[in-house]
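*Asks:* Dumping the structure here so I can ask a few things about it.
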Amino acid sequence: MASSPPKKTLNSQSSSLSRPPQAVKFGRRTSSGRIVSLSRDDDMDVSGDYSGQNDYINYTVLMPPTPDNQPAGSSGSTSESKGDANRGGGGGDGPKMGNKLERRLSVMKSNNKSMLLRSQTGDFDHNRWLFESKGKYGIGNAFWSEEDDTYDGGVSKSDFLDKPWKPLTRKVQIPAKILSPYRLLIVIRLVIVFFFLWWRITNPNEDAMWLWGLSIVCEIWFAFSWILDILPKLNPINRATDLAALHDKFEQPSPSNPTGRSDLPGVDVFVSTADPEKEPPLVTANTLLSILAVDYPIEKLSAYISDDGGAILTFEAMAEAVRFAEYWVPFCRKHDIEPRNPDSYFSIKKDPTKNKKRQDFVKDRRWIKREYDEFKVRINGLPEQIKKRAEQFNMREELKEKRIAREKNGGVLPPDGVEVVKATWMADGTHWPGTWFEPKPDHSKGDHAGILQIMSKVPDLEPVMGGPNEGALDFTGIDIRVPMFAYVSREKRPGFDHNKKAGAMNGMVRASAILSNGAFILNLDCDHYIYNSKAIKEGMCFMMDRGGDRICYIQFPQRFEGIDPSDRYANHNTVFFDGNMRALDGLQGPVYVGTGCMFRRYALYGFNPPRANEYSGVFGQEKAPAMHVRTQSQASQTSQASDLESDTQPLNDDPDLGLPKKFGNSTMFTDTIPVAEYQGRPLADHMSVKNGRPPGALLLPRPPLDAPTVAEAIAVISCWYEDNTEWGDRIGWIYGSVTEDVVTGYRMHNRGWRSVYCITKRDAFRGTAPINLTDRLHQVLRWATGSVEIFFSKNNAMFATRRLKFLQRVAYLNVGIYPFTSIFLVVYCFLPALCLFSGKFIVQSLDIHFLSYLLCITVTLTLISLLEVKWSGIGLEEWWRNEQFWLIGGTSAHLAAVVQGLLKVIAGIEISFTLTSKASGEDEDDIFADLYIVKWTGLFIMPLTIIIVNLVAIVIGASRTIYSVIPQWGKLMGGIFFSLWVLTHMYPFAKGLMGRRGKVPTIVYVWSGLVSITVSLLWITISPPDDVSGSGGISV
């Protein structure tokens, strides 16, 4: 219970005053503690220089009654007014002073009433506290008395003085000097492209209609694709968070929270993995350690790992990680370590002692480094240890079975021998319930029981301080608690569709709801660790800010380590993460990209946003009342309630809530839904905060886990639980696409939710990306395949509801359409070669109109790109790498995805592109060795063909010009220019085929020879050898 300040009985005369109390509006605390009024006759704009200063505060002072039981400034004699003014420290004549008091101290007549009310929270009355104690007052100033400045509990009264209400986040608009020209150039280029296409259509090339037709179709599609891509970029914004304000609101002593215990909501962190052979357990363990050591209230944090393969190797690696976390987590807190992934921390090249103040840091770091090296040895030795254990137990079982068989068969073994199942064993001598090394029925990747193990229990509510340990670290005064951690592997059985990663995530959503029920869920891949220990708090600033209850998720940018310095294949993808995503943040929000995303649990459950307001307009910023679909229970309400639009969506008004057909038959799970919704609300500490919760509502301890709770959590991850429910259809991660992340985010936006893009000063998360060309192309192939699936499904943005904003709809439409650009891109890459082969061109002649349009389009595109680079903060080299890989991926992976999608939709045929050969790196110590490995795949065929065809075309074009009677060198250069444009974009691809030191695989020579012969035969057919007198290239 919060202790209250001493109370005294108010004068009955003062309580009977009919007029509202007068108050000082605005003040500034001086160095001596005195607060000076800054009120003036005119209203002060608090949004200027004063609003952000810590020494300016809003406060309300109740003015005591005058001796005749009338408030100051009421009607009375002049002498009384003057006397009262003089006693307050003022001067001047009576009537003048009385009028000034009315102007300066009256709150009810001020237009800044909201400024005063916004700092009043709860039922705590600072006015009564001030004037029922020994506080002093005066005209234009107020201060606390020096004596008795604390009350029972030892908290200073000044700590509870009304402070200015501070938002937790703010929008940082792109400067108009950058954004306005950017928008203007987009409009100008749009007009130029329109007139260029009109000119191209009305001026066909009669000499080569087939070239003209192919080119004009491609150019129209490119214009359409460019519009889809550029329109969502019209309103980019930046955002900033205020972690100090978050700390003051949720973790500082207050009247509702006198102990300063954290009032932040709970967060559940999900880590997903499936195969320890492809995703090394050491990498997953380091990710887990970075989560357990994150800077967030320990009792509010829970971590879960979803092992969809049910591997004992992952299970025991996580157990080892939890044991190491007992030292690693307090070490990070003691010395404020960043990053808190031990492998990344010990790999940092800079001085580790920088900014470290504790004298025992070097000793502690040396000790924990030695412990981590031993931890790595144990993790790396787990596969062999588990196999040896299995062999020992299996041998024991075999001897046991033979002994039993001899006893039953008269002392001899049966003729058929004794069969003993080669099982995988746990350390306690029991069978591993998951996947065995030698798969058997009930023990394979697609057929095993559900597993749930609480490896780290629910921490105590109060901090547990460590002490000095001989031979270990000194954790005196350091909280040594570790957040709760659970290993989860859902049940899998033949005949059930497990829906890959999306199904595993939904299983964790249900299990975590029963075990911890964090109001927010952070989703990470096993190779993405927390690089910024305050990342969760950064995201919480948006969720807990005014209007945060309408945010469904916070998407963080993906940052990668281990990328080659030149970023040959655009692995950093900064154009997308710093450009496109930042622009979408100015609309309805960024798309969900699969990792580094913090969800509102309530939004994952398929509910609409809490306030039924729809936004219209180009940028989705204009509010308009939404169209409500009222149920019978809502229609039966009183007319008064019908006329008044509710700001929230009451859970008990949803007729489907809790029904098995929607969420399943677990009542324990459905009971957690309203709790998660309530805990995810922002604080109601401002008059403009709607659907908020009172301060101090989340201070109660979490109950310990008991056997029935764990049993229920196991039940909700069973393979049959989702049967006849809406999981995967409207609830949780959505099924039916290999890019379930994009579809899941789309469904939330389609219901009216908003998302936010959070770019932190220090990267929030970091992960790994494939630097090998083949692996990179297969990654892009998976993304593009998912986009094609979206285009041919009900998740196409063309079928979205009106809650999806216009430009957001355009962005999602582009997500489904962009792979189809590959068809036209491939054709356009062959056009320069076809022009050189045929001696024709896409236009009748290179006249002034064509060259002028080409120049204007090129200049405007360059200027738009430069301004985009400016507001997004990406580098020119990054932009160029992205352009290069756009062409490489567009002519390979995107084209393959379109072929796959069309065959699947039209004929029901599924084609997969897999690796056919692998090579190993020559230098295992080279971290970029994988960059030089050449793994042949069918995705190489089209880009390789484009390169060879254009090279041969240049040779043929040059030969025709050299041996012609009248060489046309200028025309040849014009034809070669477009081929070189293609080849320049293909340079990283060609360099990747060379491998290390230019070693080209034999298969590349084979394909080059085949393509060259084919092209030569084609040229001979088109242009017979005896025609050597023609001009070489383009006819003018």
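Glycine too: its Cβ is placed from the backbone N, Cα and C atoms.
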*Asks:* Among 710-730, 962-982, find the range that Swiss-Prot records as transmembrane segment.
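*Replies:* In Swiss-Prot, the transmembrane segment feature sits at 962-982.
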*Asks:* Would the transmembrane segment (848-868) and the transmembrane segment (208-228) count as touching if the test is at least 3 Cβ pairs under 8 Å, pairs 6 or more apart?
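*Replies:* The transmembrane segment (208-228) and the transmembrane segment (848-868): touching, no.
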*Asks:* Near D741 (active site), how many other Cβ atoms are within 10 Å of its Cβ?
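*Replies:* Cβ-Cβ neighbours of D741 (active site) within 10 Å number 24.
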*Asks:* Using a Cβ cut-off of under 8 Å, list the residues of the same chain at least 6 residues beyond the transmembrane segment (208-228) that approach it.
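*Replies:* Residues 190, 193, 197, 200-201, 810, 813-814, 817-818, 821, 824-825, 827-828, 831, 834-835, 838, 840-843 contact the transmembrane segment (208-228) from elsewhere in the chain.
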*Asks:* Provide the number of Cβ atoms within 10 Å of the Cβ of D308 (active site), excluding the reference atom itself.
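*Replies:* By my count, 22.
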*Asks:* Give me the CA-CA distance between D308 (active site) and D741 (active site), in Å, as a whole number.
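*Replies:* A Cα-Cα distance of 17 Å.
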*Asks:* What does DSSP say about D308 (active site): helix, strand or coil?
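*Replies:* For D308 (active site) - judged by DSSP and reduced to three states - the answer is coil.
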